[in-house]
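J.: Here you go, one structure.
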Amino acid sequence: MKTSRRGRALLAVALNLLALLFATTAFLTTHWCQGTQRVPKPGCGQGGRANCPNSGANATANGTAAPAAAAAAATASGNGPPGGALYSWETGDDRFLFRNFHTGIWYSCEEELSGLGEKCRSFIDLAPASEKGVLWLSVVSEVLYILLLVVGFSLMCLELFHSSNVIDGLKLNAFAAVFTVLSGLLGMVAHMMYTQVFQVTVSLGPEDWRPHSWDYGWSFCLAWGSFTCCMAASVTTLNSYTKTVIEFRHKRKVFEQGYREEPTFIDPEAIKYFRERMEKRDGSEEDFHLDCRHERYPARHQPHMADSWPRSSAQEAPELNRQCWVLGHWV
């Protein structure tokens, strides 16, 4: 029983620790959702094709930078269109650049157009005003989720170290199961609220941020993996508590049945005889009392050298034992 309890406690502690590590990592990282954003290509400067996205050898190949350069030269000579407008032959998605981005609970980071480094903005500022309250509620739920995981982990460790005391271990086990279940429910609600806020932000967020395509990232997978480990730890803890209680009750029942002595036959003549002896209150009745005590607790009522009552033989001991029980002389 002790070995199985310890094994279940170790499994619950390991699952709770995994859930805590996954939840903390997901809460602090920015890869809950990731994808690409479509942004317009920067215009070509009048100084040549140095700032054009298709400059160099590729410009001649695809023929897209040459018209832009010609338009820039025409504008500089005064023969171009009024207002200095530049025309491009690019259509469709060719007019845009695609950059990668990844978003977490706290920040949204986007790749620079130059390809060097990232630019991060607060995701709370990007969320629509109607969703900021839900987002803050999600943040608070995530914090409570991690705190309750810490409390449950601490209680499980205490229960593991106090496994020798069954009663105290059961109390700690019950509280650890309750805190772990509550943390799992809070974590599930927090993850779902953040997902809802992100989907609304994709539709109603700033124009320069809205994703062209997106999917869930590894932080999102860690968050739900943490929830899975948390619920597995709570189920293991509840299972350990239930099995320990059942085993404890079963052993107690066996113990009580093994030590319960019920007489199978009562001799009326023996009852009458011993009642008469009790009424006389003579010295022989006292010897009978001592014989009964000696039969019940032989180590506690050892005779002294001066004692002279007759000891019961091996054949007489069961009968004397039964008669003493009948008359209620057990002490």
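Note that Cβ sites are derived from N, Cα and C of the backbone, with glycine treated the same way.
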J.: Do G7 and P211 sit on the same side of the membrane in Swiss-Prot?
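T.: Judging by the topology that Swiss-Prot records, the two residues are on different membrane sides.
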J.: Residues sitting near the transmembrane segment (9-29): Cβ under 8 Å, six or more positions beyond its termini, same chain?
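T.: Sequence-distant neighbours of the transmembrane segment (9-29): 104-106, 142-143, 145-146, 149-150, 152-153, 156-157, 159-160, 163, 173, 176, 180, 187, 219-220, 222-223, 225-230, 232-233, 236-237, 240.
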J.: Other than its close neighbours in sequence, what residues sit by the topological domain 'Cytoplasmic' (154-173), given a CB gap under 8 Å and a spacing of at least six beyond its ends?
T.: 2, 5-6, 9-10, 12-13, 16, 179, 233, 237, 240-241, 244-245, 248
